[in-house]
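Okay, so here's the structure we're looking at.
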């Protein structure tokens, strides 16, 4: 009621705004206004922002009401189809009644704004949902169906469009139509597959195909769209553009994914920071790639989401659930608004184009797309069987039927519609694409569970049935025992125990699957147990399980143990007993074991992660030898005079004295370097101090050699360094002294006679050198 009152209050404002705008722009409408005037009106009139906000929040509120009604009634019609129908009604009203147009004016926003607002949410939600371990194990399968499969599907649909939909199109436009129809959005199907035992691998393959296929489609679309719009003229331009567009997006995704994952690892218990980091990482990657670097922001966002999904094991479980719920809500809001906007645009701008032929061509497009998917999977089945998790023909059929079409196709069709060069084909694009998306959601998503049941992929294993039966029986026996005890209580004598019995009865969760069995079949036999009736006492005796049933029970038990191990690792991490890297490695080991046939963790391979490498052993030994004091490695000498030297060297005051000498020697060295023209007195003082320190270092070396021995002295790297410095200092002093010598001094030292005149000449020469 409040929503109706709000609409009644806002409509007069809308009409008044329109009258004012018409008066200011000089546009007057009458009953004879034609389509051109309507188009000009849509281009010229600008409406207040609050009207667009009103439409957005009214749509979200109507979506909530629709969802609650579906849950209450149990309606099987998909939610997105209902919102598309609501948008179609609003667009039809806008087409028939121009006064209603301002309320839906926000639907005609630029397609770039739609891409920036909605696509990062939908892309990141899908990539964040993917199990990183299963994704990388199935990467070859995903690549085969995501890249070559998308190309083949686009080509097949392009040939159909070229010969059937519009004969006036050239092949580039038809190929653009095939590319628009290629991407898939399997989230609705994945929700159903996750509840089934055999649906994990199919859901991983569909999600991976959705991500990699959407990236491939986006790159194809930009190349073909650029060629069609005459932005790319030659094949060399197209190749260079593709390399830059795809390669730059890949590098951008790795960079932003690493940064976002690292920051996310630091937000352990902070819900707000974790949600904000993922939101900023998704939008920044897409926006920087598309608007600043002109690379594939789509590919970058996909890689960022996968890398962040791998890092989500480093945050608390409650925080991770909050992040997942946030992206689920954001994706729900994006789908609600996007399908409503497309419904408005189609029934407003394409109302005159919709005909019986276009509606019939929608079914032709739908059939062609899924026949193309069937041909692609049939051609690639021999390869898909031998890579990743393998694949059977039943799983291939499930993947073909589960390839739903989604919002990306609608966004690309809107982009074609708003481009002047191909705007004529854009109306057919949006009608056919929207019909394909609605049919895939309405038919495939609604019948997916039945298709899986027909293919034998929805059956619950006998082990699960038996375990559930045991649990239900145990709970019911416990209930009966407690009710029997409570009946003996005199204060509860007047209680309605029949009502208690009915209110506490638990229905078997798999009871719904028993509806198709024969009435004579035994419930326990159906639920995983087989009984034989004794002919004498007529008692039912349980049979032993067959080898197949026993192997299946062992496999189910191993899976439950592995799940318990994973929960235990998370609890240990939350309590601070293991680190982030440890929980990541252990959880990854559990996931690998869950994919193995025996369901056991490889302890030998896991133990190698804790064994240090050879270079680590060598580095540790060297560091220990460098850090360990010399006294710990040396042996006490036997001779007394060496023992005195040993006591001196191992004394703390000896090391302190040496450190003081080094500190005092440092200013002397600095003065010698800084003073370019020292006086005689300063020069003699510096030389005297250097000689003093040199003698101290010599004495240190001699005492240590006496204490540790010659070879023991060189076991320490610091002693080796001291010895090298002393040798270099000794060589430097000898060289400096040799420079002040004269040949006549050498001759006199060798015993050769020198005349008095020559002696006076030598003295004068020394004075000149000194000066």
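Using N, Cα and C of the backbone, Cβ positions are placed for all residues, glycine too.
Among the ranges 624-645, 690-711, 712-733, the one that TrEMBL lists as transmembrane segment is 690-711. TrEMBL lists transmembrane segment for one of the ranges 173-191, 268-286, 458-476, namely 268-286. In TrEMBL, the transmembrane segment annotation falls on 359-384 of the listed ranges 21-46, 359-384. Between the stretches 124-142, 238-256, TrEMBL puts its transmembrane segment entry on 238-256.
Of the ranges 47-70, 103-123, 268-286, 648-670, the one with the most Cβ pairs under 8 Å to the transmembrane segment (396-417) is 103-123.
Ranked by number of Cβ pairs under 8 Å to the transmembrane segment (268-286), the listed stretches 143-165, 238-256, 648-670 are led by 238-256. Per-class residue totals from DSSP over the domain 'Ion transport' (653-728), listed helix then strand then coil: 67 helix, 0 strand, 9 coil.
Most Cβ pairs under 8 Å to the transmembrane segment (359-384), among the stretches 47-70, 143-165, 429-447, belong to 143-165. If one looks beyond the transmembrane segment (321-347) by at least 6 residues along the same chain, the residues whose Cβ comes under 8 Å of a Cβ in the stretch are 56, 59-60, 63, 79-80, 83-92, 94-95, 104, 106-108, 114, 117-118, 121-122, 124-125, 128-129, 187, 271, 274-275, 278-279, 312, 315, 354, 407, 410-411, 414, 417, 430-431, 434. Tertiary proximity for the transmembrane segment (103-123) is limited to same-chain residues at least six positions away from its ends with a CB under 8 Å from its CB atoms, namely 10-11, 14, 42, 45, 47, 51-52, 54-56, 87, 90-91, 94, 185, 211, 214, 282-283, 285-287, 290-291, 298, 301-302, 305, 327, 330-331, 334-335, 337-338, 340-341, 344-345, 348, 406-408, 411, 414-415, 417-418.
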